[in-house]
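> My questions will all concern the structure given below.
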Ligand code: DSN
């Protein structure tokens, strides 16, 4: 139930394991540095054409399918459009942003919750904070939503060269038109990173930033359910520089087998059944959020518009790290996560993140979300009874031999057997 994961079809997996893995093809279609690339040229063109069609790009936009994954895709956009030292502005990582949106921090820094701008710290853990100056916007402390007036004020004060939206744990839709207007006022490029929701956007279940933002990046293996990789869509006049940043700026030969898997996955996402799947992903996540709330779990932002649910565990006494491990012993794989107004360390944060892309691929529907919420509640009730002072290693040992958790794992296994992964 990790929201950034999915299970790709046999056809996608066969494409990734195909002979396309053997060929070097530095360059772009029909302009390669190596001979023997006729089939590779056709393959890359096919992937680009399918991406353009699926995401309905305007005539003056173009596509790059060579970036190896989401972080390299974002880095290519920065390398193509910015100079080292320019200011980028993204969402604060603990509120749900992404490392590649300029993350750095100061160890043991106490955050002032009322301060909605974050200027980073000396630990420039991501390359994007080493090469660029980074300022970040936080979510509103009350609503846990983006506050566009605050973002506008920060943008006008800081005059970033590029503003980026998107991330890994923000469960709500983003107002792309408002963000573009803010970027224009501040004189910034606007990059919409839709890695998490690309499949939902392609299916029309979530709004699309294509044609609104200047550039759109996304990974291809999350809700989009293709193979691992990334796609960059953007205004053609900018894509010239971004293409050069991908190759030769950051990479050598593209991973043609990944591009093959992407081309197959894009074809699958064009089928009517994928739209049904994408809608069910969101319906399942919304049902899960509702069912968890009925078990007195606090849901960040009160719900979800997408495929993921962020659970605030501060009222439960068992936080993300221990709860995720206990769920694992009960057959439910999720991940610990930070949350808005986070006060705990990233390695032992306050929240748990769950998602529905993979379980929906299995065929699970609303009634199963109630069952899963019930299991998650039973796990919480069980481990809330442990001594709260237990160190993680001792907690782990106790959970590993907990018969209640093992019993839930048996129930999970029998549901999974009824809904095998066989697309
Ligand atoms: N690692 C991804 C996630 O889990 O959200 C983002 O890159």
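From the backbone N, Cα and C atoms, a Cβ is placed for every residue, glycine too.
Relevant sequence annotations retrieved from TrEMBL are reproduced here:
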type	residues	note
BINDING	93, 97, 98, 99, 237	(6S)-5,6,7,8-tetrahydrofolate binding site
DOMAIN	1-376	domain 'Serine hydroxymethyltransferase-like'
MOD_RES	222	N6-(pyridoxal phosphate)lysine
SITE	221	site 'Plays an important role in substrate specificity'
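Help me see these features in their spatial surroundings.
DSSP assigns residue 97 ((6S)-5,6,7,8-tetrahydrofolate binding site) to coil in the three-state reduction, outside any helix or strand. With a 10 A radius on its CB, residue 97 ((6S)-5,6,7,8-tetrahydrofolate binding site) counts 27 other CB atoms from all the protein chains.
Its Cβ placed at the centre, residue 222 (N6-(pyridoxal phosphate)lysine) has 28 other Cβ atoms within 10 Å. Taken residue by residue with DSSP, residue 222 (N6-(pyridoxal phosphate)lysine) is part of neither helix nor strand, so it is coil.
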> Cα-Cα, whole number of Å: residue 98 ((6S)-5,6,7,8-tetrahydrofolate binding site) versus residue 222 (N6-(pyridoxal phosphate)lysine)?
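Each residue's Cα considered, residue 98 ((6S)-5,6,7,8-tetrahydrofolate binding site) and residue 222 (N6-(pyridoxal phosphate)lysine) end up 15 Å apart.
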> What's the CA-CA gap between residue 93 ((6S)-5,6,7,8-tetrahydrofolate binding site) and residue 222 (N6-(pyridoxal phosphate)lysine) in angstrom, rounded?
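Here the two Cα atoms lie 19 Å apart.
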> In sequence order, which residues at least six apart in the same chain have a CB under 8 Å from the CB of residue 237 ((6S)-5,6,7,8-tetrahydrofolate binding site)?
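Non-local contacts for residue 237 ((6S)-5,6,7,8-tetrahydrofolate binding site): 60.
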> Measuring Cα to Cα, how far is residue 222 (N6-(pyridoxal phosphate)lysine) from residue 97 ((6S)-5,6,7,8-tetrahydrofolate binding site) in Å?
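Each residue's Cα considered, residue 222 (N6-(pyridoxal phosphate)lysine) and residue 97 ((6S)-5,6,7,8-tetrahydrofolate binding site) end up 16 Å apart.
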> Of 98, 221, which of the recorded positions has the most Cβ neighbours inside 10 Å?
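Compared across 98, 221, the most Cβ atoms within 10 Å surround 221.
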> In whole Å, how far is residue 97 ((6S)-5,6,7,8-tetrahydrofolate binding site) from residue 221 (site 'Plays an important role in substrate specificity') when you measure between their Cα atoms?
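Roughly 19 Å, rounded to the nearest whole number.
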